[in-house]
């Protein structure tokens, strides 16, 4: 039996204290065994930590194997923080619309008539040029990158071109000889 103050030679009126002999690690684990650390991770209890099967069970729970951790693991797998976009699963590119919704493209003879139109004789509609050019957001690559608050780079699919790299461009300017000149102009 151990007294509370073994070096004291005076008789004590305090009762003797019996302390169980435990390793320091298990004493700390016992004190925090019922407190969850977050996201389904729990420290092993003293009775569980003695056997190897209990240790493997605790590791599987900590990794999200069963119970409360399963929901966390599922959520973690659905949205991984590897820097990939949730649009990365698309196998094929979406079709690129060349006209506005619910309209049909202008035929070449209509464009020729508009070009030959004389504004003195008739009311002429302006010629509208449509072409496909590189996306300005992703520079034709289909992916863009941005940085989060803490400086971590995130790469995802370009939204304006839907990951294709090219977009429909339209203008009513008449001083254009080559449509690609517009792509090379500084903005």
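In case you wondered, yes, glycine gets a Cβ from its N, Cα and C as well.
As annotated by Swiss-Prot, transit peptide applies to 1-30, with the evidence given as sequence analysis.
According to Swiss-Prot, the feature region 'Disordered' maps to 41-67.
The compositional bias 'Basic and acidic residues' annotation in Swiss-Prot covers 42-58.
If you look up Swiss-Prot, you'll see 113-175 marked as region 'CR-type-like'.
Under the heading repeat 'CXXCXGXG motif', Swiss-Prot lists 135-142 (among others). Counting residues 6+ beyond its ends, the repeat 'CXXCXGXG motif' (135-142) has Cβ neighbours under 8 Å at 157-161, 163-167, 187 in the same chain.
Look at Swiss-Prot and you will find 158-165 (among others) tagged as repeat 'CXXCXGXG motif'.
When DSSP labels each residue, the region 'CR-type-like' (113-175) comes out as 3 helix, 22 strand, 38 coil, counted as helix, strand and coil in that order.
The repeat 'CXXCXGXG motif' (158-165) scores a mean pLDDT of 84 in the predicted structure.
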